[in-house]
């Protein structure tokens with residue numbers, strides 16, 4: 001596998017991203033557990049077939065991503081923004097691969113170490129408390145599920161170049177991300193970016209995901225192609241996110257007293273506003289969730 005030439009990373013930029021991620025994901029593991037399913041997965045589930053439970057649908061989402069990667073036993077999978085470790089565990093147990101996870105959350109790092117240590121396997125498992133900017137080891141495949149929102153538009157070219165260069169000629173990657181639309185796209189679909197919508201998006205990227213910026217699906221495709229990837233038609237998961245958000249909101253609401261006890265009423269209200277608001281805007285087709293697959297030339301041939 002080819003190693004890429006290192007590009008210096010700004011210490012200030014890296015430190016800021018650490019602070020942004022920890023501001024959200026290190027609120028309290030006990031708090032997130034009050035509305036997440038037992039997989040501790042914090043991203044859009046995949047309800048196919050529709051009668052799946054949330055836990056089953058989260059595994060279906062993980063499998064949907066992994067199945068697009070053509071993983072073989074003994075390969076090494078890099079999980080960028082690995083959350084609480086469910087995707088890595090699934091990959092090891094189901095596909096017999098080595099895994100490396102990247103996270104900027106201290107809480108997630110600690111839990112991932114426990115999850116990976118509990119797997120009965122001889123495969124290599126490691127989780128690193130660092131960003132993709134500082135990672136340059138060769139890997140065979142890459143998965144990134146709803147971490148892309150944290151990367152920043154100005155870093156997309158660097159991200160895709162780095163991912164392209166650390167994979168072999170037949171490398172594959174999936175990136176799943178919440179997305180917004182350009183005002184021109186909304187106008188073409190008979191939608192209008194209202195002040196209320198813009199204010200809610202600002203609320204998300206300042207109070208829920210500090211430093212975050214939603215891409216458009218077109219940006220995800222264009223920057224990937226610019227780096228050399230072939231990008232098949234992206235998959236919209238919007239209906240699945242509506243259902244995921246509704247379940248999360250209902251579950252957190254039913255655990256209101258416990259949520260306030262482990263955090264505060266302000267945190268509870270902020271997350272209820274986030275979950276209910278996102279459900280509304282996904283339903284209204286103002287937001288979407290895209291699963292995009294990236295193929296290097298050897299995989300696209």
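Here the Cβ of each residue, glycine as well, is placed from N, Cα and C on the backbone.
Here is what Swiss-Prot records for this protein:
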BINDING   42, 43, 81, 82, 83, 103, 104, 105, 106, 107, 108, 132, 133, 145  S-adenosyl-L-methionine binding site
ACT_SITE  278  active site
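Structural mapping of features recorded in Swiss-Prot.
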| residue | record | DSSP (3 states) |
| --- | --- | --- |
| 42 | S-adenosyl-L-methionine binding site | coil |
| 81 | S-adenosyl-L-methionine binding site | coil |
| 104 | S-adenosyl-L-methionine binding site | coil |
| 133 | S-adenosyl-L-methionine binding site | helix |
| 278 | active site | helix |
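Around residue 278 (active site), the same-chain residues six or more apart in sequence whose CB sits under 8 Å from its CB are 204, 241, 245, 287, listed in sequence order. Listed in sequence order, 102, 103, 144, 145, 146, 147, 148, 150 are the same-chain residues at least 6 apart in sequence whose CB falls under 8 Å from the CB of residue 81 (S-adenosyl-L-methionine binding site).
In the structure shown, across all protein chains, 108 is the one of the binding-site residues 42, 108 with the greatest number of other Cβ atoms within 10 Å.
The binding-site residues under consideration are 83, 133. Their Cβ neighbour counts within 10 Å are lowest for 133.
Other C-beta atoms found within 10 angstroms of the C-beta of residue 104 (S-adenosyl-L-methionine binding site) number 23, with every protein chain shown included.
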